[in-house]
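Lifted from Swiss-Prot, the feature list:
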BINDING   Q86, G104, E105, G106, K107, T108, D494  ATP binding site
COMPBIAS  905-915  compositional bias 'Polar residues'
COMPBIAS  920-932  compositional bias 'Basic residues'
REGION    857-932  region 'Disordered'
Amino acid sequence: MPSLFEKILRTGDRKTLKRLHVYADAINTLEDSFQTFTDAELREETDKLRARHADGESLDDLLPEAFAAVREGSRRTLGMRQFDVQLMGGAALHLGNIAEMKTGEGKTLVATAPAYLNGLSGKGVHIVTTNDYLASYQSELMGRVHRFMGLTSGCILSAQEPSERRLQYAADVTYGTNNEFGFDYLRDNMAWSSEELVQRGHHFAIVDEVDSILIDEARTPLIISGPASGDANRWYGEFAKVVLRLDVDDDYEVDEKKRTVGVLEPGIEKVEDYLGISNLYESANTPLIGFLNNAIKAKELFKRDKDYVILDGEVLIVDEHTGRILAGRRYNEGMHQAIEAKESVEIKAENQTLATVTLQNYFRLYEKLSGMTGTAETEASEFMGTYELGVVAIPTNKPMVRIDQSDLVYKNEVVKFEAVVKDIEERHKEGQPVLVGTTSVEKSEYLSKQLSKLGIKHEVLNAKNHAREASIVAQAGRKGAVTVATNMAGRGTDIMLGGNAEFNAVTELAKRGLDPEETPEEYEAAWAEAYEKAQEATEEEHEEVVELGGLYVLGTERHESRRIDNQLRGRSGRQGDPGESRFYLSLTDDLMRLFNSGAAERLMGRSVMPDDQALESKLVSKAIASAQGQVEGRNAEQRKNVLKYDDVLNRQREAIYGDRRRILEGDDLHEKVQHFLEDTVNESIDATTAEGHAEGWDYKALWSSLGTLYPIGLTADDVAEEVGGLANVTSDVLKREILSDAKLAYQGREEKLGSETIRELERRVVLSVIGRKWQEHLYEMDYLKEGIGLRAMAQRDPLVEYQREGFVMFQAMMGAIREESVGFLFNLEVQVEEAPAASAGVQANQPSALLDRVNGEDAGAEAHASAKPVLNAPGLAEPERPSQLQFTAPDASGEAETRIERRSTAGSAGDSNLPPSARKTNKPAPKRKKRR
């Protein structure tokens, strides 16, 4: 029964659909006139539309003409004319909605029109995909449309250098993955200079597979971390040995459903005996508990060849949803090290957080957000609640005629797979293409062996064979094809009956050495013929496969999420083609075993049928739906929890990152530094004068404290004399006199160094202190969050406590930033060198045609017209980055994975450090507050 909120959402959906139909009709009336334009005239439309928008005309008003232009542009470049429903989907995206469009409806092409329209503003459009392959493929293919229409397109890939990334972001339309966009945001906020910044704002984003990215992956935050101090690695090896002496149920408990472990009293005693300690839970031994829990999890919850594989002595994570190896990715919180110790391979060092953000809060940065997927309505309320995104179900271009058969349920997996193989064999004999979905690499390989025994030629698509995955998927609809895939979510390439003509044409041109960006003219000249030949080759076979019933999708197990089941089914029956789907299940499948074991046991107990006979039961369907509902509910709760806690940190992050960005972009900090000086002096005086009367205040301690900040030029006696005696001294008098003295001292410092030098010194010092203090604050917030759950035992709300203590810690950090900045500005010994001439090399890395349009025609000249003075002060040199950084992000299932990036270039303010020896001239070093 739909809730009231869901009914309201559906009402809004119907109103939006009416508006989209109006837009589609308006675009259709323009189609004939746009077809009469020459290529040059069509490109001129872009300049006209851009000028009209600059003159104040809204993008909504320009939509019909812009979409009509793109429809004609895509017809001429790709040979693809957008259907009315594709235009409706594009309009829904422009209006800031999620367009729910079934698999095969051409979502990649849909994105071109709203991207073009919003690209006219010159602020940049980001098209977000799930992996580098799709980003690159879509950028090359759809980028041809944008370039034909006079826009620029770019692509962000994980291996690119910062200079290349900056160029790609300067384009009108930029493709990339959610993780790369998020990590670039974090990197920008660790930057030491404006030259390191790559992103230029967050204007409009179109998120492909939006449910996967904004829902499934939103449980895990993006984290950039660097090597932590201390040698913890030896403990992983020790505890890997310890857990081999422990027995499940006797020494520890395991909950596979919640993926948690708990150590029992006998187990604790064994661990204490092995380590030679009296109490594992003493405060000094507390860190060891984490090593023990991770070692047990590695032993019981992480299975080789299912969750990870060992290749060349490395533990490589396997994506449980896509079945692909996630090269360079690592589990966080010590879990990867525990698995390495279990497998006796090299254990690599742990890290500490340098920057972090959740996907929810990253995507909330965009002025306008939209998305596409085939399966979004089940999460409509979460999209609205978290992102303020409505879901609009776009009609299919042709009616769906796929037949979804009822599930067949067997008592155990062995007989289930026997039935699966028999079904595949019968379909294969007829020539009908079969797509088989499995939930793990292990099961795909087991099924592959069974098919090989029968001599059935097939392709396996899993973590150990990802290099050819796009070509395998592209041919999965051909006559007689059998494809065994470990989860089809996020594969991207369309399965077309008879073969994928578009993919085949792209492959053919690549074989000829043609590239749409490197050799655009030759590519465009060859495309029409290559695409036509590919279409001819596939059309005849398409008709044969249609006669055979289309693509048969066979699922060997239900996934945890209903959406992923629907995505597998949705591979069949695209664009009105026939198709069929069926799931083969067993009562011992993981989903039933973990989440509805009681129902499974009751069914097995009741049934008197032989093992090899299938059950078709509504009770089974209800049990499966209940199990999937439990998983989805658990994951939704995790996402809510992650967001609640990150919202606390997000307000702090926005304040700090906003300050850093303004500093990097050249804001004058003189006024801010004066406020720092006032606040720091006032805080010191308030601390001294909080209790008692003037005669009893500790002036010696106050003057000692102020002496660490600046060369104080008056004494307590001077102040008393000014007001006629010590009895007349008040807190306000002290503030007035000391602040006046401090500002005179700063004015003298500026006169000595020069205004330009002091402005650059302010920028460098404040940036450095903010970077270091923010990094320390992240560590402390992590530490706070880890232990905050224990507050519930004292009948206190952990979230409220986290908010309260996090605010206190943030205020303490801001005070420390003010105090240390003032101390460094007064006390650092600075040598000023003559500024070098503007570097030609810098300009060489910034192609003028693209960047000048983004930054203004004279941007390059302004940037280099007046070079900043070169300051030589200990600790102010651009800091060294760690030799390697780790980037932790969600995989397709939402679990954390980490990739390592080794670096040799200079680094970021997040890593900056002013050594104690550099913090003084002839004065004591600035006082540092101790923060817990």
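Every residue, even glycine, has its Cβ placed from backbone N, Cα and C.
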Coarse DSSP state, helix versus strand versus coil, of G106 (ATP binding site): coil
Fewest-neighbour residue among binding-site residues, criterion Cβ within 10 Å, set E105, D494: D494
Those binding-site residues listed as Q86, T108, and which of them has the most Cβ atoms within 10 Å of its own Cβ: Q86
Residue, out of the binding-site residues G104, G106, whose Cβ gathers the largest set of other Cβ atoms within 10 Å: G104
Helix, strand or coil at D494 (ATP binding site) [DSSP, three-state]: coil
Close in space, distant in sequence - K107 (ATP binding site), Cβ under 8 Å, 6 or more apart: G89, A99, M101, D208, M372, G374
Residues within 8 Å of the Q86, G104, E105, G106, K107, T108, D494 Cβ centre (excluding the ATP site residues themselves): M101, T103, L109, V110
